[in-house]
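J.: Here it is, the structure, as structure tokens.
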Amino acid sequence: MERRGEAIDEEQGLIGRRPGSGAAGVAEVTPVRRTWPTVDGPHGLSEDESHAYARSYFYWGFALLPFLWAVNCCYFWPVLRKSHPSPRVRPYVMRSAIGFTIFAVVLATWSLTFIIGGERLFGPIWNDLVMYNLADKLGLTGWT
Amino acid sequence: MARENPNPNPTVLESLGEEIIRIVAPVSACMLLVVLLVTALSSDGGGGRGFSSIVTIAYSEDASDSIWDKLKDALGYSLVFVVLITLLTFLLVLLFYLRCTRFLKSYMAFSSFVVLGFLGGEVLLLLISRFYLLIDVVTFSLLLFNFSVVGVMAVFLSKVPILVNQGYLVIIGVLVAYWFTLLPEWTTWALLIAMSLYDLAAVLLPVGPLKLLVELAISRDEELPALVYEARPVEQHRPVVGRRLWRERRDLVINSSSNLIGTEAGGMTSQHTSVVVAEEGPSVSTVTDPLLQHQPGMDRGEDAEGIGLGSSGAIKLGLGDFIFYSVLVGRAALYDFMTVYACYLAIMAGLGVTLLLLAVYRKALPALPVSIALGILFYLLTRASLEMFIVQCSTNLLMF
């Protein structure tokens, strides 16, 4: 009866008093709230792994990969929302969130300028930058 | 703590139903996306001329060919494909036997990157050209690069949220299935039939490469580096919070026993519960339950076919199954939506039958044959009889 319970204990550390089996266990459990640093809950990472992953995702995000910052925020959502206190993971997740917000704002600004401004703003170079013209010119869709 | 016990035994509908939903939902999502892509992007509604020039080196299909010629070409091409797949799978078995896991992993990461980056980029470009979406090259390349790299990491290299992993697997399935629907029509059907026969042979025959792979993986107690979709165990939605902790644990065990069995046989449940109790291990993955088997496989050496049970009791379905189901439905979509509905229902029925057989036999099973057979049967029946019936009724304003 203890398989899943033991697995959780092994992954996350001791939760609290382990209940006995059967009906006698009902009265023995102390109400202990247990949260996990990852959004996957008990199927996710442990504290140490979370720290390692949060750090590596944060640093790799600088290699023109802001999606990794988004993945960081999504993955450690409980840490971001402060429902799971984790002083080691939180700085990385916060910085990833800020980084992703800045990237999103910059990209949205550029993209909207491109779409709304169009040829009026950019001149003839707009036709060279827009994707469907570029695809036709380079023959990227020609093979299908 | 005196406390009443609301429902210690979840009903079969809850546990089994949720388990099935978690495998049916991504398969349906994959099929839906392929149907949408096919209907949005199909121009000549038949076969791609350009595509056949790349892939079908020796064979090409023409609308003016006679039926016998088309059949010959189709059979020839699908035979070539199946032979290629068999060779690749044996190569995979050999590499796995020689423990070249790093090479296998990097090869699969590379091929996922190719699929996501190039095929994904191709599909996106087709969509952009078709709908004249205003995207500039900088945004497009940045987003595509991010998408592919994160996809490769999510599927193979590192840990990401489970939903992200599953989403990327579905996307890879959609892209490869769309690519396959570009084949000429008769070739597609011949390919589907050939792949189901191959799957049947490779998984069930003692000399089959997939069976060898499974046995190797089990004897070494390793995971194969293959593209396999694993549905989350039913326990996921239950928050394991203290007040209900003891009940959750009991429920978890009951759920995992019913996962592994899959049907409501009560006697088997209690027998299995005792098996679980006897094997206490320090962690879930080392519980060597004889019912838990992997079912990995091939398809260009990277996708997996067949259905099996994961190490946490969740149902695992190989990505090759996603792909071929979606190919069948996508090809049906190229004719009409009527066939899409019929084939979708047939495939779901086949999947249900396969899950039932999985529960009964409790070992890795090929997931393709039953569904593809039913799907093709329903496609032919729909085209032959249902279509005429519905069209007559509609034009005479009798129904629909």
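Cβ atoms here come from the backbone N, Cα and C positions, even for glycine.
Below are the features I grabbed from TrEMBL:
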TRANSMEM  B:20-41  transmembrane segment
TRANSMEM  B:74-98  transmembrane segment
TRANSMEM  B:110-132  transmembrane segment
TRANSMEM  B:138-157  transmembrane segment
TRANSMEM  B:162-180  transmembrane segment
TRANSMEM  B:186-207  transmembrane segment
TRANSMEM  B:341-361  transmembrane segment
TRANSMEM  B:367-386  transmembrane segment
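Tell me about the setting of these features in this model.
T.: Beyond its flanks by at least six residues, the transmembrane segment (B:341-361) meets 20, 23-24, 27-28, 31, 261-263, 307-309, 315, 325, 328-329, 332, 367, 370-375, 377-379, 381-382, 386 of its own chain at Cβ-Cβ distances under 8 Å.
Within the chain, the transmembrane segment (B:367-386) has long-range Cβ neighbours (under 8 A, six or more residues past its boundaries) at 189, 192-193, 195-197, 199-200, 305-307, 317-318, 320-321, 324-325, 328-329, 332, 335, 338-339, 342-343, 345-347, 349-351, 353-354, 357.
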J.: Same chain only, please: residues at least 6 beyond the ends of the transmembrane segment (B:20-41) with a C-beta under 8 Å from a C-beta of the stretch. Say none if there are none.
T.: 123, 126-127, 130-131, 166, 169-170, 173-174, 177-178, 181, 229, 231-232, 234, 314-315, 317, 321-322, 325-327, 329-330, 333-334, 340, 344, 347-348, 351-352, 355
J.: Using a Cβ cut-off of under 8 Å, list the residues of the same chain at least 6 residues beyond the transmembrane segment (B:162-180) that approach it.
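T.: For the transmembrane segment (B:162-180), the far contacts come to 26, 29-30, 33-34, 37-38, 112, 115-116, 119-120, 123, 150-151, 154-155, 188, 191, 227, 229, 232, 303, 319, 322-324, 326-327, 330.
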